[in-house]
Amino acid sequence: MTRDSSLSGVFSRNWIFIRGVPAIRFLPPEGPPEIAFAGRSNVGKSSLINALVQQKGLARTSNTPGRTQELNYFIPDGFSGQRGDLPPFAVVDMPGYGFAAAPKNLVDAWTNLIFSYLRGRSTLKRVYLLIDSRHGIKNNDEDVLALLDKAAVSYQIVLTKSDKIKSNALEKLIMITQTKLLKHPAAYPEILATSSEKAYGLEELRAAILQTIA
């Protein structure tokens, strides 16, 4: 299967979960390009991934902040995984951060796993950092921005739940966020506004992903 044909309708294919990675030694061998999604707990990360590939229940959603503490790998189904028949890319759902009253050892383990992955994964093409439109960039997000800058990984801000605020407030938030990103050398300048519930901004996000892995 050629790369161009594998990208045709990739977001409409059936997607499957292939692996949870609790520690860096469990990472799959480097293969296709990887796109990672990061964000605070309950930012709507799982819902956005599910909406992106039009498949409810692929990435598990939870009302319990910090439930998932692994790197979860998803790929489109129908590829053998052998040389010449790799999926066009993999989606990596990173653990949520910023949950209240987290034990220090859990935070340290999360930080070590994430930084090791970011710094050492040559197939990682971009991290999409999700920010809740109702709250903007918070202190925990700033810490992750610094981590991404330190790892020198390309990342892009995706605003979630943008249907929950008025259009003028969203425009103001985008301007404020763009100004903040001027201090972050690894940040991609364009900000994407999305809503999983209303399917808003999903086509723009899909296009951005395909452009990133092209």
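Cβ atoms are placed via backbone N, Cα and C, with glycine included.
For 39-46, 66-70, 93-96, 160-163, 194-196, the entry in Swiss-Prot reads GTP binding site, with the evidence type sequence analysis. For K45 (GTP binding site), the Cβ neighbour count at a 10 Å cut-off comes to 26, with all displayed protein chains included.
The secondary structure of S46 (Mg(2+) binding site), as reduced to three states from DSSP, is helical. The Mg(2+) binding site annotation in Swiss-Prot covers S46, T68.
Annotated domain 'EngB-type G' per Swiss-Prot: 31-214, in sequence order. If you average pLDDT over the domain 'EngB-type G' (31-214) in this model, you get 91.
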Which one, from the binding-site residues G39, P95, has the smallest tally of other C-beta atoms lying within 10 Å of its C-beta?
P95
Mind checking which of S46, E70, K161, T194 has the fewest other CB atoms within 10 A of its CB? They're the binding-site residues.
E70
Measuring CA to CA, name the entry from the binding-site residues E70, P95, K161, T194 that ends up nearest S46 (Mg(2+) binding site).
P95
Count the other Cβ atoms sitting within 10 Å of the Cβ of N42 (GTP binding site), across every protein chain shown.
19
